[in-house]
Amino acid sequence: MSKVEFNKETGPREVFCGLTSIVWLHRRMPDAFFLVVGSRTCAHLIQSAAGVMIFAEPRFGTAILEEKDLAGLADAHEELDRVVNDLISRRPEIKTLFLVGSCPSEVIKLDLATVAEKLNKRFLGKIKFVNYSGSGIETTFTQGEDGALKALIPLMEDSNEEKLLLVGTLANNVEDRFKKIFRNLGISNVESFPPRQSTELPKIGKNTKVLLTQPYLSDTVRDLKHRGCEIISAPFPLGIEGSTKWFLAAAKAFKISALKVHEIISPLISRAKLALESHKDILKGKRLFLLPESQLEISLARFLHNECEMDLIEIGTPYLNKDLMKEEINLLPDNTKIVEGQHVEKQLDRVREANPDLVVCGMGLANPLEAEGISTKWSIEMVFSPIHGIDQAADLAGLFSKPLRRNQILTSKTLVTN
């Protein structure tokens, strides 16, 4: 492991809650429905993040907890039962219904696990009911996916068939390209979790080799290990370097030579390096500060330093699983500072003192920092954009070069005007 400085902070934090992950999960599994048990604030958050009007009947909704529910003057379980019945009568195509806890439901100790169990007995397998927490008390926004996948693992049947399981949501076109590369390598049995249909859960067992596509799935990994799966240790497939080592790790697990991997991906690498150059010209030598929100921060920092030659000031991450991130940390330069957790006021003080060229942060901090003359990039964009893989390296770099390019244009126009 490289000589990295690890620190831990506690205090006030500024992050989205785990409900936000519903935005990409409901698109991934169109036969599923996500029912948040929460407040009107929860409903507004998801609707705004998804950019979908509620009358368009998206595959998510909110069972609103009113003041009488929070005060204990009504039986919230009965009300939830009624809402579920109404929902299923209107949307008979639902195959899996996720009951998603929120801050309000956690506060009043609403037992969604028991509710899901009762509903499963009543509907006798016609619809599967699972539950997880998206509460901001417990989770940051990407951890919502971790909770959802963990909830699905008990539904996955056993199998001793040898397979590669890609774990973590990917854009469909990125997933298709990955599977094509694996087929060319000779790994034909490749499945994804979550699948594109909630009813098509992969079977798992001792011959299942798990390759993570996202770094925020600690609980999911632990439960897959308990089911006998082998976890392949690898960096994450962001950028040329991370993606190459990711493919090499998979090939090694299936006893495929590194020579064959390089033979297949070399054309992709050549094209990606060429496409990366224009962004590298802008990013090279720029100073970067990453505030914690998505758990993608370490992988992004590795890519931006090693492939775009940015200078790292500080990498913040909400949580740090050193086992999952070991291969990423090994690729960081010596003396890199990683801060787990957050005391937002102290971190903002360090940002102002360092005066970086670019800050990766949550939406709530971006505008105030921009007002102080500091260029920012929303970290949530990394989750909504197809950034994985060798051929997406230039697009990933472009997300960071864009605000710097914009800043250069605005500065030059200001100088001309003056």
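If you go along the chain as it appears here, the first residue is 1 and each next one adds 1.
Including glycine, each Cβ sits where the backbone N, Cα and C put it.
For Cys17, Cys42, Cys103, the entry in Swiss-Prot reads [4Fe-4S] cluster binding site, with the evidence type sequence analysis. Proximity of Cys17 ([4Fe-4S] cluster binding site) to non-local residues of its own chain (separation of 6 or more, Cβ distance below 8 Å) is seen for Leu45, Ser102, Cys103, Gly134, Ser135, Gly136, Thr139, Thr140, Phe141, Gly144, given in sequence order.
For Cys103 ([4Fe-4S] cluster binding site), other Cβ atoms within 10 Å of its Cβ number 18. Cβ neighbours of Cys42 ([4Fe-4S] cluster binding site) (same chain, under 8 Å, six or more residues apart in sequence): Leu19, Val36, Thr62, Ser102, Cys103, Pro104.
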